[in-house]
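Copied over from TrEMBL, here are the features:
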DOMAIN    A:72-285  domain 'ABC transmembrane type-1'
TRANSMEM  A:21-40  transmembrane segment
TRANSMEM  A:76-97  transmembrane segment
TRANSMEM  A:109-132  transmembrane segment
TRANSMEM  A:152-172  transmembrane segment
TRANSMEM  A:225-244  transmembrane segment
TRANSMEM  A:264-286  transmembrane segment
Amino acid sequence: MSTPQARARRREAIGLVLPSLIPILVLSVAPLVIGVALAFTDARLVRNPDYAFTGLDNFGKLVGNDLFWDSLRIGLIWTVGVTVLQLAASMGLALLLNSGLRFEGLTRVLALVPWAMPPVVVAIMWQMIYSANGGPLNAFLGGIGLPADTNWLGDFATALPAVIVVGVWVGMPQTTVTLLAGLQQIPAELHEAAAVDGASAWRRFTAVTWPSLRPIVTSITSLNFIWNFNSFSLVYVLTAGGPGGKTMVPVLFVYLEAFKNREIGQAAAMGVVLVLLIVAILAIYLRAQFRDDRAERGR
Amino acid sequence: MRALVRPAQYLALALYILFLGFPLLWLISASVKSSGELNSLTVSLLPEQWHWQNYSEALDRQGLVRSAGNSLGVALASTALVILIALPASYVLARLKGKVRLAGIGWILVSQVFPVVLIILPLFLILRTLGLTDSLVGLTLVHTTYMLPFALWMLQGYVAAIPVELEEAGAMDGATRLRVLRTIVFPLLAPGVVATAMFSFVSSWNEFFFALVLLQSPENYTLPITLNMFIGGEGKVSLGPLAAGAVLAAIPSIVFFTLLRRRLTGGLMAGAVKG
């Protein structure tokens, strides 16, 4: 039985939440539902549209769409590449910052800058770095006697790797800061004990640091994976999917399908496939992580 | 062997600093070089002569100042809306146990995960029905919703840090809940509100995707869209003013993030670890 006070409290709570509920419902939950529903229609981006329910037609068309398959493949390389390199580079930097070097403060501020900048500015900046005429990267390579005429963002072979490097640059700060916070929670005594036992630096990392960081690594990797998979602006401004579609990540492909080809229904179907794909990949990853954890505890 | 560890660590740190810092240095350097020097084949970090005109030229470009104004307006309006909406809700989220809290947290997490590209299609149709595409009001609404989850997340963390006993003491003295909120909770929340507001402002100021989809007429463009147009459309770009414009666009974000560094790290940590 609820007392009058409890009911009054609940009314208050509802009153306080309501202002956020309305925009959330109209601009976030409703689009989600409509977005999935659109995938089963032939909606196009025209005024006064007559949508018709077309069942699984859109999905059927996707199977035969080689460009979409290509974009999935490119998207997977981009996402896995950025996520893994981000983790590796950030782990290195976090370990360095945690080992009591000078310039720690400076490095930390510097590390946050890439993440704070507007993606458009980041893209403009890296276009200058990669530029084939007078870009500093080619100048540097020429200076140490390597070929210095690569058009990094314009060449079929180098465009995707070049874009991945920018993705790593942007995403490193947050991962580094998170890992660093995790490192600082590991009791120093654990390391000291291991050192006294004569464990090498590598052995200390695998036996002490890594197991303690595991939960953080799992969550930051999952989040990075999702963010990288869904990231749009950077690739769009850097290459717009080019050259020759070599950097056409799926999100960009869906955008073009919807707002250039005006095929909203088809684009929504692609969006639904992307969501299912990412959920599936994450489920597999998280399951593997948890199984490892249990195995570890069972030992 | 052991003596080599420190130098090796400093070398590695130097490489990291180079990787993280050099692109920014290069952008700033390009923003003060003359077009002759930018197009020449000799490459150097320091300009032969400092060419500040790029900045005034960037500001002379019609689109740039107007779109900076648009960005400022959208960012201020959506930040105000976000705080106004999130503040009471975050209080409920932090203080009440049970289903409300669970649903709230669940929604915050899902919204971080969901691809905007699927949401943007119906959102575009909804806003078109309301006559709000190609409108700064529409963009403000979208930015508000898009920033709301993270703002709620940050703010409820700050609320949770305020001891409940303070509120109970207030209630004992006979103050109503609203009075307790106004006189005890909100003043203590002020630093959290400032941090959240700064974060929201920067998110909106930097935002590109929604603006790209929604805005069609150049007089409505926000700063990121205008900068993107300068690279793509307008034939031969003058790199100097473009770099200067990019530096100007990045300044508010970098200043705010530097100020916010500590608070953000805490909030993100909580998000990453508990998420």
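Just so it is clear, glycine is given a Cβ too, placed from its N, Cα and C backbone atoms.
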Spatial neighbours of the transmembrane segment (A:21-40) far in sequence, C-beta under 8 Å, 6+ residues away: 51, 53-56, 58-59, 264-265, 268-269, 271-272
Range from A:76-97, A:109-132, A:152-172, A:225-244 with most C-beta pairs under 8 A to the transmembrane segment (A:264-286): A:225-244
Tertiary contacts of the transmembrane segment (A:109-132), as residues 6+ beyond its ends and Cβ separation under 8 Å: 93, 138, 149-154, 162, 166, 169-174, 176-177, 233-234, 237-238
Distant-in-sequence neighbours of the transmembrane segment (A:225-244), which means Cβ under 8 A and at least six residues beyond its ends: 75, 78-80, 82-83, 86, 119-120, 122-124, 126-127, 153-156, 159, 163, 166-167, 170-171, 250-253, 255-256, 274, 278, 281-282, 285
